[in-house]
């Protein structure tokens, strides 16, 4: 019995020890669980907070960049200091905007000022004023003495589309082609230049787009080197100014557009030669229009399609020798185009 009594007492003495250990374990487990929950909550809150902060920061960065970009764009900080810049259209005393026109502009190159702008940033079809960019790239990347042979694709145009009358197999210099391009507005010249510079007209159009963007002409997209109508081939009045202004920095470009005519030497596929003469299409160079007194028009580039209307971009100087670029796009006919141009030059250049 004593043994049993001793055993019972020992069990009774041990029971509190076992209970204490079990309670400690329970408390420890509870503490660990609470700590784990806290850590999870803290981590979760941190992650959510980080995500919110990140998105908040991104949103504010986007807002800042957008605001800063527009501000810089409108103040000209993203452009060279010698470029004319405006954020909206510019009125001019003596010139009344014609809502039928697609766009107009008069740019004073001497003081980098837009004297007049109407629908400056509206999308429009450029027609053959496209060839300003084609000529610019030909002068930039080509060798003027290169001899180019006309391909079947470069001479594949309809009878009513402007060409210089070249045939497949004809050979002439790149300089000849640029003269035919800018003066007589030859689509065949444009196609041959594109194939010579880039291997194909499609590849050249991509080069045109790349170079246009580099000039800041972000409202422009080309699909061909000549300007025949395509819904995806478009520009703006302001972008045309940017491209023409850049092209004028090459003396060869200015020399060519200043010509009234040019006689090329072409070698046919059979080895015989002929010498076609190509005439300038703008009315001032052709002697069919006279600018206002005191203004000398050097030349420029015309363009006409049913969708684009009658278009012209010109380079001129006043009696003070100040250079200007003028643009009118979308006149209903040529007499109206040059009548409006004279009004613009008279009001803005004197």
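Keep in mind that glycine also has a Cβ here, set from the backbone N, Cα and C atoms.
Whatever TrEMBL says is automated annotation, not expert-curated.
Note that this is a predicted model, so its numbers are computed, not measured.
The Cβ of residue 128 (active site, acyl-ester intermediate) has 162, 185, 187, 226, 227, 301, 302, 303, 304, 311 as same-chain neighbours under 8 Å, each 6 or more residues away in sequence. DSSP gives residue 128 (active site, acyl-ester intermediate) a helix state. The feature active site, acyl-ester intermediate is assigned by TrEMBL to 128.
The active site, proton acceptor feature in TrEMBL is assigned to 131. Other C-beta atoms found within 10 angstroms of the C-beta of residue 131 (active site, proton acceptor) number 27, with every protein chain shown included.
Sequence annotations record features per position, and here TrEMBL assigns active site to 185. Residue 185 (active site) carries neither a helix nor a strand DSSP state and counts as coil.
Secondary structure at residue 301 (substrate binding site), as computed by DSSP, is strand. The substrate binding site annotation in TrEMBL covers 301.
The domain 'Peptidase S11 D-alanyl-D-alanine carboxypeptidase A N-terminal' annotation in TrEMBL covers 122-332.
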| Number of other Cβ atoms within 10 Å of the Cβ of residue 185 (active site) across all protein chains | 28
